[in-house]
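Going by TrEMBL, these are the annotated features:
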type: REPEAT; residues: B:14-59; note: repeat 'WD'
type: REPEAT; residues: B:60-101; note: repeat 'WD'
type: REPEAT; residues: B:102-144; note: repeat 'WD'
type: REPEAT; residues: B:158-199; note: repeat 'WD'
type: REPEAT; residues: B:200-236; note: repeat 'WD'
type: REPEAT; residues: B:244-285; note: repeat 'WD'
type: REPEAT; residues: B:286-322; note: repeat 'WD'
């Protein structure tokens, strides 16, 4: 056994004191110590021993004696031991103060502690242990910042001072800086690996606060390994178990709580949790006992508040409203801010309501709402906060449920706030230890989805679904089912996978309340382009619920997106088998029929869709509007009257939708298109701009059409630069630069802006993307031809320019020749004769250009020589002559030059004879030709032409359906403007045009002096009927080319159809789950 | 489970061409030099690059209207390039001497591939709805494998033009040729008998790239389509044995690693993705390009795997695969 030996003064002897046999009366030992003037460290050792044995009085007695003034005097030069004694006393009183619950006594203890520490400081103000003690004292008093300074002083002197590290860690924890705190605890552990378990407790708590639950758990477990009776660690682990929120977890958690209680029955936290538990199990007498004990042992405001709340809740549920009210009140008194703990306010409000004290009830509910409002104020949505506060006072607020109501309230107006409210509700439920209903998690997922936070959405859906058959189907590990599923994506009826699953012993179950979640999950996977998984999930739904129409429609939409129209139609028909009046299915079918170019059927289907909803379904009405619009465009050339009727009808339909839903972007877009059609650009531009703004910011609204329409307007107004930018942005933003149709618009704009190279490059890109579109090749040929013509027409041009012209013409000839050869094979719809005309024209132009090239090269050569000669002359002259002679020389040279020029001009004149008569002439003639062509009503036609142009610019494109007709328009109109611009003729690829063209070309040839021009008369005559022919051509082309035209026609429209659908679905889902109103909470 | 392949960026050349880079292929090593990378661009040039630094070896001119396809002979000595002007230029890789200029109007030329033995060059013939086979000894057109018109269609039926042939692939044993069309169908031919066998269905949008798995007797064909999917077909059994989705745009190019385990794709969504055949799932996404990725190509041969990708953003990227 440990002993101390007190040396006997003036002798060699020592008194042996066995530490385990210290006398009960400390005076005995004190006498010895004093008598023998024993070293102070012995005093301390003996005092500490008393303390360890729980003999606190003796401990205090010895130390107080040991720090008395006589001792100070006698041991004046023994500094450290005196300080140690004082610090021990300081620590003792700090502890007493800390555990004392009565305020006055508490303060007295702290005052004493402060005095001892101050005395210690007076002996040596640099002693670190004193500072650590002071820090602890300050911490116990709750003066965190001062405690920080105290520990800091120590750590500045010795950064490895373990007690100071622990103190500082505690400070940081209290300040909420858990990461810093964690670092300090870790350092303490590094410096002193044999720390008591408490250090690890700190680490565990920090980890817990930082959300590192697994590591926190490990830390707490380690504490328990070191000290199996550490109550704090037990309680912490128990709380974590409880939060697992399942039966097993709660069982484990309560076991730990019970153990903690058995070890130390005065841990308020454990008591509260136990009380909470027994409240739910209905053992109210236990609740009261436990909470009363808890209240007796703690001074911690929030904990007390919780205890009072438990107590109140218990009385409340027993119907003792008076006591309940009293304790709710007590609970509220302990709360600083209502938003930290709102439950008692609810409770009090309810109790007061029961007792008819409406005023007090109201004020309490307001508190609750304030707490809610507070959150909204933090979100910066003051009006929302107020609105909600008002609303919620009218209802019976029940914490989490109130948040859910609020969330639902906000869903339609402010998804962000709704999401936050849902999350708050979820957290409240989780904190309350309740299972969060599937519906709530589903809604959180949907809202994340809408905000494009797809990962979070996925997480929430998965959480909502929990364990089930879907895991076997969506896992990203190589599971045979996934692979099998991916192989069968083309056959929606293939249910083998599910049968296989069942054979393999996996239950293919899909509880009814999870169907919506599975659907949303599938929808999300669709958005993530995991088509295979989406597909299999929809099929799972259909396997269990064959009447789930939306699943059919989504499968149809997937098939449609992949251009598998046949399958898509089949699926829609399946949906219609379930409900032949389903407006969504009908709308989609109409859409598919349009894609298949079945106009009449489509109209019928769309009309029945509209009828099925009494004209209230915007989508169906819109589709009908579009149908009329397209019909108008389509019939434009055939029957102006019909066109007007269709347009009017379209407008009426769009307007009808707008009246019902003022914020329907598609209807607004459609209306603007009709306006643009009528030439009201400014208004339509405004609308398009607004639609564009409205469409940005939602994952479900993708409206490239409006960008295109805006670009068309810029184009029509001659603002080419902006049009180009707008087209390019649209391409990049919506199509990954893959849409050859928009590239064509872009090329057309470059063409108008006379940017030939850009035009050509753009067309080449378009060809690369859409190789089978021969029109693009034709256009590229025309662009090159035009480039060449314009270069040759230039007044000044370099030999390089002419050379590239020649190269370009060679390319054009090749392109046209190939098209000509291909026309034999009916690869495209161009007329061979027409193309041949182009070929001939280009060839002739090429020959001319070659001559020009030679001329230009010669000229270049001459210029070079001339310059060289001039330079040398000048040099020689300068060397030879003086300034006064220069003038004379200049005269002479000018003469020389004049002569040369004359010579050259003559030469050029000679060479250009043919061209000159042709080019400028041809231009002139073209113009006159147009005049001729349009004869007396040229002006009128012009206007009409202009208008038509605008039209097609703005045209529609309402969802870009009418691409092809548009193209035709473009072309024709160009022709109207300038017969020389053959750019567009192509599309029309009609017989009439080649006459026209032929004439032009021949005319040009004639003009170029390459051919005799006795065709003038014909030229003059022919155009008069051009318009008529064109019209004919239209109808022809309509019948001839349907397949080519339509396929392109609906992707976008299809899209928007889906978008709307999906939009609808999601909303629907929102509504659905919440309708269940499943939440009931325990708090009332 | 076997360890999956991983890609790591090695080198990127910005502005490798003046315009969009549309095609790339590896030229096998010869006795005197390592494998080279061949790229073709809208800027009408074909460039030859030496890995891993991607030093520019040569710029070949002579095409008009943009180079859409390049192919290398298995010997590594010669290569072919094709452009929108519908010419195929066959040249000596090391000297750039023109060996032959091929055309078969009015057929356009799109993807090309030399057969594994190197005796035939197959060229996707666009609107002619056929594959043209050129003998590499004489550079004569030796066969035209035509896709039969669907029954009941008139010769004037424009829908015939939908069998516009874009892509072509030889089976590793050289016995089968597959070609992909604008309408999404894939046609399979018996080369020896010059006979059309059957269609592989599943895509309904253009199939711009096809590649057989490299195992010698492989029947496994990968197809990349504008519908955003890569399908895996059993060519003989006419069945789809897998579909991989994840790209958010058109899949423009697909290639299989020399060991057959990994698949790389390039897409208009600007990404290059690496897929694992066994998992039927993407294992890596590279996003270093800023525009459509038109071609991806694994370097043939065993040592030190390399993948190259080229893009509309005018750049070339080289990756190490391990």
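Count begins at 1; order follows the chain as displayed.
Here the Cβ of each residue, glycine as well, is placed from N, Cα and C on the backbone.
Counting Cβ pairs closer than 8 Å to the repeat 'WD' (B:200-236), the top stretch among B:14-59, B:60-101, B:102-144, B:244-285, B:286-322 is B:244-285. When pLDDT is averaged over the repeat 'WD' (B:158-199), the result is 87. In this chain, the repeat 'WD' (B:286-322) lies close to the repeat 'WD' (B:14-59): three or more C-beta pairs between them fall below 8 angstroms, excluding pairs fewer than 6 positions apart. Here the repeat 'WD' (B:158-199) has Cβ contacts under 8 Å with residues 110-117, 120, 122-131, 133, 143, 145-149, 205-219, 221, 223, 225, 227, 233, 235, 238 of the same chain, all six or more residues outside its ends. Beyond the ends of the repeat 'WD' (B:60-101), by six or more residues, the same chain brings 19, 22-30, 32-33, 35-36, 38-48, 107-114, 116-118, 121, 123, 134, 136, 139 to within a C-beta distance below 8 angstroms of the stretch. For the repeat 'WD' (B:244-285), same-chain residues at least 6 beyond its ends with a Cβ under 8 Å from one of its own Cβ atoms are 1-2, 4-7, 205-206, 208-215, 218, 222-232, 291-302, 305, 307, 309, 311, 317, 319, 321.
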